[in-house]
Amino acid sequence: MTRGAWMCRQYDDGLKIWLAAPRENEKPFIDSERAQKWRLSLASLLFFTVLLSDHLWFCAEAKLTRARDKEHQQQQRQQQQQQQQQRQRQQQQQQRRQQEPSWPALLASMGESSPAAQAHRLLSASSSPTLPPSPGDGGGGGGKGNRGKDDRGKALFLGNSAKPVWRLETCYPQGASSGQCFTVENADAVCARNWSRGAAGGDGQEVRSKHPTPLWNLSDFYLSFCNSYTLWELFSGLSSPNTLNCSLDVVLKEGGEMTTCRQCVEAYQDYDHHAQEKYEEFESVLHKYLQSEEYSVKSCPEDCKIVYKAWLCSQYFEVTQFNCRKTIPCKQYCLEVQTRCPFILPDNDEVIYGGLSSFICTGLYETFLTNDEPECCDVRREEKSNNPSKGTVEKSGSCHRTSLTVSSATRLCNSRLKLCVLVLILLHTVLTASAAQNTAGLSFGGINTLEENSTNEE
């Protein structure tokens, strides 16, 4: 009865019914809010699912492209190895033919003279010296060119030495003196030769009459690893390795001791060996930490290795190179390495950072370059030549690169996936916070209505 009276009084007082609405009317409003939240969450999940699938497909395509590139590179390496094996076989066959004891007699019976006799005849008939002139001149004399044309492929044994010196197929650097190129392996076999004194000796004819064996040229002997440096350049520029006196006057001294020459050549070989060790360490670091070979649009690991080798050899042998088509200051190779080699980040190999390079040149701008600075052959110019002529080293072809998108995708797939997961977590947090705020607002609204009802009742 009390309830009926209250309801009547509520109706008589003219109060609106929605102030004391039943709970059944609140349920559709709450259901619509929940449905809207579910729609937002499902839409966001669908969007990020599509985004993740797109990135996964992108990464899979990049991996397939990279696998194809690796197969192509392996095929190229196999072809290069086969070519090297064929060249080694040809060299071994040439060595076997020249090691036969009866080949001079056979040549004499066929009406041809031995290579030593031909070289001696050319030297006696030529009026130009066999030693290359000063670095400012272009090359050797005419007799040198004739000797390179006649004896190319024959003089593997130096004089009467029983130990052969390995002969290079092509001469490095470009524009070599005579076309005859040898690597320095045995210091005794090299120092036992009769070296040409060139224009320094005024009694050239007397020397030729006293020594029937041919005079060898220092510019025809190269180091094994730093194969762009000749003995002529080393004896001319680096005259004191390991506190030794290795000047040209000492080496070319007639009747001098062979001990000094051998010690100098062995010192140069030690420097060359240390440079090769440092290069192998750098190559192992590249192989270990460099994920993708296509790290740049303008450069590749082969370009980096070429300029790094040139810079490394220029640090061990600070001499000027003579037989080059174009020379640059040797210190400039440091900048080439800095710009062509990649940024190596051992701490995190998945994320690409911008900033300083892993190879930084120091001390280049402190001292100005003068004319006394040594100059080296420009390998940047030589590596661009696609058709190497005789007397040059055969360079590898251009780097096989894929597109920038594919090359960058192989390194950014994992980081993008992590970024998408992080965005999903943040979205879930935002939705949860908004839902909590809405529920709090509804509860506060209910409390306000109850308070209003209580005041109305009073």
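Backbone N, Cα and C define each Cβ position, glycine as well.
The compositional bias 'Low complexity' annotation in Swiss-Prot covers 75-96.
The annotation compositional bias 'Gly residues' is assigned in Swiss-Prot to 136-145.
Feature annotation from Swiss-Prot assigns disulfide bond to C191-C261 (among others); the stated evidence is similarity to another entry. All protein chains considered, the CB of C191 (disulfide bond) has 21 other CB atoms within 10 Å.
Same-chain residues at least 6 positions away in sequence with a Cβ under 8 Å from that of C313 (disulfide bond) are, in sequence order, F225, C226, S228, Y229, A275. According to Swiss-Prot, the feature disulfide bond maps to C226-C313 (among others), an assignment based on experimental evidence.
In the three-state DSSP classification, C246 (disulfide bond) falls within coil. The annotation disulfide bond is assigned in Swiss-Prot to C246-C261 (among others) on the grounds of experimental evidence.
Swiss-Prot lists C304-C341 (among others) with the feature disulfide bond, giving experimental evidence as the kind of evidence.
The secondary structure of C324 (disulfide bond), as reduced to three states from DSSP, is coil rather than helix or strand. As annotated by Swiss-Prot, disulfide bond applies to C324-C377 (among others).
Per Swiss-Prot, the feature disulfide bond maps to C330-C376 (among others); the stated evidence is experimental evidence. In this structure, C376 (disulfide bond) is part of a beta strand by DSSP. Non-local contacts of C376 (disulfide bond) by the CB criterion (under 8 A, 6+ apart in sequence, same chain) comprise S228, A310, S314, T320, Q321, C324, T327, I328, P329, C330, Y333.
Packing around C361 (disulfide bond) is summarised by its Cβ count: 17 other Cβ atoms lie within 10 angstroms of its Cβ, all protein chains included. According to DSSP, C361 (disulfide bond) sits in a coil region rather than a helix or strand. Residues or ranges marked as disulfide bond in Swiss-Prot (evidence: experimental evidence): C334-C361 (among others).
The number of other Cβ atoms within 10 Å of the Cβ belonging to N217 (N-linked glycosylation site), over all protein chains shown, comes to 26. If you look up Swiss-Prot, you'll see N217 marked as N-linked glycosylation site, on the strength of experimental evidence.
Swiss-Prot lists 70-155 with the feature region 'Disordered'.
What Swiss-Prot records for 40-60 (among others) is transmembrane segment.
As annotated by Swiss-Prot, transmembrane segment applies to 417-437 (among others).
Taking only the Cα positions, the spacing between C261 (disulfide bond) and C377 (disulfide bond) is 26 angstrom. The Cβ of C226 (disulfide bond) has 22 other Cβ atoms within 10 Å, all protein chains considered. Calculated from their C-alpha atoms, the gap between C304 (disulfide bond) and C361 (disulfide bond) amounts to 15 Å. All protein chains included, C330 (disulfide bond) registers 22 other Cβ atoms within 10 Å of its own Cβ. In this structure, the C-alpha atom of C377 (disulfide bond) lies 14 angstrom from that of C334 (disulfide bond).
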